[in-house]
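TrEMBL has this to say about the protein:
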type	residues	note
BINDING	A:Ser119, A:Gly120, A:Ser121, A:Leu122, A:Asp140, A:Asp168, A:Asp188	S-adenosyl-L-methionine binding site
COMPBIAS	A:253-264	compositional bias 'Low complexity'
COMPBIAS	A:277-290	compositional bias 'Polar residues'
REGION	A:252-301	region 'Disordered'
Amino acid sequence: MLPTDPMKKLSFKRHISDGDLVIVYEKHDNMKAVKVSEKSVLENRFGVFKHSDWIGKPFGCKVSSHKGGFVYLLAPTPELWTLVLSHRTQILYIADISFVVMYLELIPGCVVLESGTGSGSLTTSLARAIAPTGHVYTFDFHEQRAIAAREDFEKTGLSDLVSVGVRDIQGEGFPKDLVGRADAVFLDLPQPWLAIPSAGEMLKEDGVLCSFSPCIEQVQRSSETLASNSFTDIRTFEVLLRTYEVREAKMDQCQTQTQTEEGTPGARPFKRKQRASEASNWQADNSGSPSVMARPSGEAKGHTGYLTFARLKCIA
Amino acid sequence: MSAVEQEDNSNQNRRITWEGCSVLLDINDGDRLVFSRLTAGSIVKIGNKNYPLRPLIGCPFGSLFQVENGANGPSLARITSTAEDNNAEDKKECDIKEESRDNRALIDNNTAQTLTGEDIEGMRRQGASGNAIVEALIANSATFENKTSFSQEKYRLKKQKKYAPKVLLRRPFARSICDTYFKKYPARIGFLRVDTLSLLLSFANVSAHSDVLVVDMIGGLITGAVAERLGGTGYVCNTYRGDSPYSIEIVRIFNFNDEINKRIVRLSLDELCNNGDMKEDEVMLQSANDSNVDNPSSNVLESLSLEGGSMEASKVYKAAKPGEKAPQDAIRSWKENGFSSLIIAAPDVDAWSIVKEVLPFLSFSAPFVIYHQYLQPLATCMHNLQVEKMAIGLQITEPWLREYQVLPSRTHPHMQMSACGGYILSGTKICNEKSTTTTQ
Ligand SMILES: C[S@@+](CC[C@H](N)C(=O)[O-])C[C@H]1O[C@@H](n2cnc3c(N)ncnc32)[C@H](O)[C@@H]1O
């Protein structure tokens with residue numbers, strides 16, 4: 001997924017080959033990750049697609065099924081991956097992910113610790129930010145999830161950048177061999193305050209910690225723990241995204257001319273009737289040019305979680 | 001990974017300041033933010049006094065300084081003990097315990113303080129620390145004891161800011177640079193809020209080794225933020241219309257090493273579109289560029305300082321290392337393979353008119369993202385992209401960011417929030433008949 005090898009950096013030009021991971025795009029809310037395999041087929045409501053037809057085509061191309069239905073084949077990115085990965089837990093989405101990466105000040109070469117791994121949605125973006133020379137150490141106490149995450153990172157080609165450990169971070173803290181090595185720590189745990197003292201030991205001075213919690217009580221408790229564990233600049237945010245629908249339509253024009261005629265006293269005794277006829281006049285005139293309009297989409301996420309950030313104090 | 005590259009990366013992630021490094025000074029907990037360069041002669045003005053910045057050289061980022069009135073005049077000294085902080089924590093403790101007082105008996109008049117300005121000056125002359133003065137002011141305040149702990153804290157903070165100001169030494173990162181500009185000079189960065197910037201970088205899949213095409217008309221903030229994520233690999237190529245590239249002045253605030261600066265290049269749209277190699281224009285621009293290179297770097301301090309509007313004075317674009325013309329082999333490769341993604345932040349140019357020109361230079365399946373303060377131009381652009389079948393996954397999003405005050409029994413959203421972080425149009429370029437002909 002990431003062009004960690006500079007020779008492959010213009011991978012889009014590279015044509016799809018056997019063994020590639022592609023994102024099959026039907027609609028913006030209907031995508032699927034598929035490993036291309038010469039002998040396989042993809043079956044969906046549009047029909048049967050033979051993988052062998054895909055090989056040699058460029059990423060971004062449109063491919064057809066035996067029935068003439070079509071899908072697009074996209075190169076995977078962390079954003080697309082977040083939309084197609086298998087949900088083994090609640091996951092973070094682009095708004096929170098982007099803000100976390102920016103506020104943790106991640107750049108190539110950074111070492112970042114994460115717990116829990118969950119479905120690896122955030123991990124993928126952490127890996128992108130610290131590539132090609134940094135490393136993500138991510139921990140989950142749930143063995144199956146850790147194994148599944150490892151398999152995913154293998155599939156997305158991130159295994160060199162990410163190490164998944166099975167560990168109870170709230171109970172045992174992060175492993176001692178990482179003490180003082182972390183540029184940043186991210187916590188998505190039910191009781192983050194239990195992991196904060198250990199996170200403090202792992203961080204370099206002035207390193208940044210972020211804790212994601214859905215409930216304000218968790219934030220309250222984490223913030224108090226941070227303050228008493230040599231953290232400073234403790235700040236809590238909430239980020240959301242509103243999406244917009246766009247459509248082009250011809251709007252009926254309001255004709256002032258017609259209105260004055262209608263308004264002649266005596267001609268229309270009943271106000272109600274008058275209004276009705278004006279309305280029909282407006283509708284009748286659709287000579288206006290089409291315009292593009294936007295409005296917020298009907299449903300949106302109203303809350304995901306609070307993001308609490310803090311910096312390890314720098315004491316001489 | 002070669003040893004050289006390793007070194008460059010750690011270099012980019014330096015946690016200790018050096019002579020000539022660019023820093024962000026946070027004075028009194030965000031009250032004032034100043035970009036500066038640490039040189040033997042640079043200073044910062046706090047109140048009516050000038051403080052040399054030399055003591056900050058060689059200190060870790062994140063260090064906190066307080067003012068001292070020593071024999072050699074006012075100076076900044078690093079706060080090294082934690083005693084003070086423990087103090088502050090004790091105070092927070094009482095917050096919860098004895099919140100039974102209220103403001104009903106409080107009369108605010110000027111007779112409450114018995115220390116005069118002269119008294120304070122006298123203390124100062126005798127070498128009293130700022131903190132000692134604050135304590136004296138509290139001890140001599142008739143009303144302090146009766147204030148609620150909340151008001152007491154406020155009073156202490158106010159006095160402390162005046163008599164014992166603190167300077168926090170911060171690293172200039174995309175995060176802090178964007179936050180600072182947004183707070184102080186939002187118009188210069190097209191009102192781009194930090195959460196919006198973070199989304200642009202995600203939507204454009206900015207990662208090491210990628211070749212990112214940008215149309216950055218907001219002072220170089222996008223260019224710098226992208227370069228920061230590239231870490232000396234790939235390229236960020238700033239394209240522009242006409243003869244002169246857009247200013248990327250903000251890039252100088254980042255502490256980029258040469259390796260990273262070399263990856264920040266420019267290329268005019270004409271040259272990008274042109275199939276042959278441009279000769280005259282190229283030479284002209286190159287020489288215009290060269291003549292500026294030997295500007296003394298001390299001038300950079302001027303252009304970095306956001307204080308006192310000195311920015312205006314140094315508007316002239318001084319081309320240093322970042323922003324050179326893209327090397328020929330890179331141009332060739334882009335023309336052949338396309339860029340891996342695109343970011344546009346052009347407040348005064350119609351989004352569609354840019355996109356339709358630059359989109360052909362992207363690889364198939366490359367993500368792109370356009371920022372605008374207004375919704376309408378993006379809506380029109382999205383509609384056109386749909387009609388022309390140039391892209392899929394098109395989406396307009398509006399980011400929303402709210403900060404919270406979290407304190408024992410006093411947690412609530414901040415009273416003020418930025419109501420407009422602008423809008424983002426994102427999508428993925430596809431390979432259809434039309435786009436095929438333009439890139440091949
Ligand atoms: C909500 S998920 C994290 C999702 C992740 N941020 C993502 O974007 O995919 C929380 C994870 O924390 C793990 N977890 C809970 N308690 C833990 C503990 N004490 N130590 C390690 N992991 C823990 C759970 O198994 C779960 O997988």
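Note that Cβ sites are derived from N, Cα and C of the backbone, with glycine treated the same way.
Quantities reported herein were computed from a predicted structural model and do not represent experimental measurements.
All features noted in TrEMBL, drawn onto the structure.
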residue	record	Cβ neighbours (10 Å)
A:Ser119	S-adenosyl-L-methionine binding site	22
A:Gly120	S-adenosyl-L-methionine binding site	33
A:Ser121	S-adenosyl-L-methionine binding site	25
A:Leu122	S-adenosyl-L-methionine binding site	26
A:Asp140	S-adenosyl-L-methionine binding site	28
A:Asp168	S-adenosyl-L-methionine binding site	15
A:Asp188	S-adenosyl-L-methionine binding site	25
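A strand conformation is recorded for A:Asp140 (S-adenosyl-L-methionine binding site) in the three-state DSSP classification. The maximal spread of the S-adenosyl-L-methionine binding site, taken as the longest Cα to Cα distance among A:Ser119, A:Gly120, A:Ser121, A:Leu122, A:Asp140, A:Asp168, A:Asp188, is 20 Å. According to its DSSP assignment, A:Asp188 (S-adenosyl-L-methionine binding site) is coil.
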